[in-house]
Amino acid sequence: MYGIEYTTVLTFLISIILLNYILKSLTRIMDCIIYRLLFIIVILSPFLRAQNYGINLPITGSMDTAYANSTQEETFLTSTLCLYYPTEAATEINDNSWKDTLSQLFLTKGWPTGSVYFKEYTNIASFSVDPQLYCDYNVVLMKYDATLQLDMSELADLILNEWLCNPMDITLYYYQQTDEANKWISMGSSCTIKVCPLNTQTLGIGCLTTDATTFEEVATAEKLVITDVVDGVNHKLDVTTATCTIRNCKKLGPRENVAVIQVGGSDILDITADPTTAPQTERMMRINWKKWWQVFYTVVDYVDQIIQVMSKRSRSLNSAAFYYRV
């Protein structure tokens, strides 16, 4: 009886010793594998060229700041370029492979295939409502049209700057502009804007608040209007709301990843006279009107100089962001 108990105890002790030996062996093997892996990583890390995300980036500040690529100095290998052009350009060229041709030409300037996107827009009105400025760098080609000169200059002001916008209910409220950076931006197929300035008793100054025909007309049947009135004065507005939307906007500063190239025209569009445009923009350029092939060749040839006056941005814009933070 006692012999059986001694045997059981001895077997139990041997099992514990054997299990302990196995666990220690496994631990030594795992330690060896981990240490060797870490040693290999340490040896190879100086030879690796990989994008480093998240390190040395501040967690505060503007998301508009352009952060440099710490491991890659070649700008074009890590960036995207969007080239916006009117429908008539593709119609005139009439070549199914013209984009492939331009992509190969951009490749000679350091832009890899697939990094340049060609974006077509129908007209200024549709483009202003839904710009979709998604790329790191965005270059907009606008053919000069004397009948749309004002719309073109205002579109340039719109996309070359950032705006913080809110909806306006002109049927219920009076509105005033607080400073020079505060504007009212209207968009639509036909925008006619009338204003009636009010005194401290909310009576019209030179107009009747109950009669829109006495209001001062500041825009007539335009597709895009940036309205500027006397600061600090309440205004009652009359807008063709059936074909136009109006928003109360604040200019925040330049949108430096966008450039506008005017194509042709005897007059040069210029928004630098606006006192809120500071510093004077260099991102608005002009190409003499030629065939569209010649225009695109010129853009390819001078793309490096164009990009040099721009700054890469970390945020893309769609139509929703455009309305509330343009």
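Every residue gets a Cβ built from N, Cα and C, even glycine.
The disulfide bond recorded by Swiss-Prot for Cys165 joins it to Cys249 [selected from Cys32, Cys249]. Residues Asp228, Val229, Asp231, Asp301 are given by Swiss-Prot as Ca(2+) 2 binders; from Gln104, Gln132, Gln177, that same site also lists Gln177.
For Cys207, the disulfide partner recorded in Swiss-Prot among Cys191, Cys196 is Cys196. Candidates considered were Cys82, Cys191; the recorded disulfide partner of Cys135 in Swiss-Prot is Cys82. The most crowded of the binding-site residues listed here (Glu216, Asp228, Asp231, Asp301) is Glu216, judged by how many other CB atoms sit within 10 Å of its own CB. For Asp95 (Ca(2+) 1 binding site), the same-chain residues that are 6 or more apart in sequence and have a Cβ closer than 8 Å to its Cβ are Thr101. Note: the CA-CA distance between Gln177 (Ca(2+) 2 binding site) and Cys244 (disulfide bond) rounds to 20 Å. Using a 10 Å Cα-Cα cut-off from Cys207 (disulfide bond), the binding-site residues that qualify among Thr214, Glu216, Val229 are Thr214, Glu216. The binding-site residues listed here (Thr214, Glu216, Asp231, Asp301) include Thr214, Glu216 as those with a Cα within 10 A of the Cα of Cys196 (disulfide bond).
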